[in-house]
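**Q** Checked Swiss-Prot, it gives:
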BINDING   His83, His182  heme b b562 binding site
BINDING   His97, His196  heme b b566 binding site
BINDING   His201  ubiquinone binding site
TRANSMEM  33-53  transmembrane segment
TRANSMEM  77-98  transmembrane segment
TRANSMEM  113-133  transmembrane segment
TRANSMEM  178-198  transmembrane segment
TRANSMEM  226-246  transmembrane segment
TRANSMEM  288-308  transmembrane segment
TRANSMEM  320-340  transmembrane segment
TRANSMEM  347-367  transmembrane segment
Amino acid sequence: MTNIRKTHPLIKIINHSFIDLPAPSNISAWWNFGSLLGICLIIQILTGLFLAMHYTSDTMTAFSSVTHICRDVNYGWLIRYMHANGASMFFICLFLHVGRGLYYGSYTYFETWNIGVILLFAVMATAFMGYVLPWGQMSFWGATVITNLLSAIPYIGTTLVEWIWGGFSVDKATLTRFFAFHFILPFIITALVMVHLLFLHETGSNNPSGLISDSDKIPFHPYYTIKDILGILLLIMVLMILVLFSPDLLGDPDNYTPANPLNTPPHIKPEWYFLFAYAILRSIPNKLGGVLALVLSILILMLFPILHTSKQRSMMFRPLSQCMFWILVADLFTLTWIGGQPVEYPFITIGQLASILYFMIILLILPTISLFENKLLKW
């Protein structure tokens, strides 16, 4: 008799995805981040669900309800800080996952890649709306600044912003709808993750060499299940060290002050994982130009399959491209640092140079270097 694992309509889907899945024999730890992102999503949905049981999305009580969660709810402080720092872990894994895709040419699976970029946008939107919910100073002013950017859209901008706000400023209506969207989006993300995996399993995984690995496949279970469990344990360990020893390390102290529309904080800045995009936004003196640069800084990822000029898929055997890749990483670190600095000399100039370099490396330098490396192959 055939194993139920292979015959049952539901179980066989799980079997083909996580058990009998043929996987390349040489994929490194950089391939762990997909499963880690899955774990992050599960942690965020579970902790978020328990937070939603005690949270109230009203301007009068939102801040107090978060305080109540931390003080009065059993292990409420743990749930709240796991959720807040879980978001940081989520973005660390996301950036590493995307970086892996860029380095090893995984973007040539363009359906998988494009859904991944849409997922990145969806997670960023969810994180932004989640940051507004505690209704502290940075929540309120962050929401005001970022939503206001839409007013840069010609003709419909102002109307659009007031429609999103549900009034003439960020207020009760805004908070309530942000909570509703923040609750629903993770489930939409989960559905998109399934589509992401569906397209990935049409082609199979890439591997560090970038070569076709059909001739050398191993079953996902037990080899990669045990490898994923190791990654998950490390992820949870780092998350719990962060939560239990320095839960406010990555947060902003301004968010412990209740939202006050009459008092603007000296430095309005988003959470650390948005700082690179915020720096690009601020580096252009024009409002519409800044908004376009902000959107393009992420949307540019969709151009990678078109901009790939090399005859090799992976950067494993392309030292010049490797060098530019790591300069791009250093540039993103620079942008992240600049995003958290005040708008004054020399930070303005550094930010503008780093922003120009970011787009230059992706649009011009990497494709040109790849063509040069193709020539080197003929020597």
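We number each residue from 1, going along the chain as drawn.
Just so it is clear, glycine is given a Cβ too, placed from its N, Cα and C backbone atoms.
Are these features on the surface or tucked inside, and what touches them?
**A** DSSP assigns His182 (heme b b562 binding site) to a helix in the three-state reduction.
The Cβ neighbour count for His97 (heme b b566 binding site), using a 10 Å radius over every protein chain in view, is 20. According to DSSP, His97 (heme b b566 binding site) is assigned to a helical segment.
In the three-state DSSP scheme, His201 (ubiquinone binding site) falls into the helix class. Its Cβ placed at the centre, His201 (ubiquinone binding site) has 14 other Cβ atoms within 10 Å.
Note on the transmembrane segment (113-133): residues 55, 57, 62, 66, 87, 90-91, 94, 98, 101, 106-107, 139-140, 142-143, 146, 174-175, 178-179, 181-182, 185-186, 188-189, 192-193, 195-196, 199, 270-271, 273-274, 298-299, 301-302, 304-305 of its chain, located 6 or more positions outside it, place their CB under 8 angstroms from a CB of the stretch.
Residues of the same chain lying 6 or more positions beyond the ends of the transmembrane segment (178-198) and with a Cβ under 8 Å from any Cβ of it are 17, 38, 41, 44-45, 48, 52, 55, 57, 112, 115-116, 118-119, 122-123, 125-126, 129-130, 132-133, 143.
Residues 99, 102-103, 269-270, 272, 274-280, 282, 310, 347, 350-351, 354-355, 357-358, 361-362, 365-366, 369-370, 372-373 of the same chain sit 6 or more residues outside the transmembrane segment (320-340) yet have a Cβ under 8 Å from a Cβ within it.
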**Q** Does the transmembrane segment (288-308) reach the transmembrane segment (347-367) with at least 3 CB pairs under 8 A, where each pair is 6 or more residues apart?
**A** yes
**Q** Do you see any of the binding-site residues His83, His97, His182 whose C-alpha is within 10 Å of His201 (ubiquinone binding site), and which ones?
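**A** Within 10 Å Cα-Cα: none.
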**Q** Going along the chain, which residues six or more apart from His196 (heme b b566 binding site) have their CB under 8 A from its CB?
**A** Thr112, Ile115, Gly116, Leu119
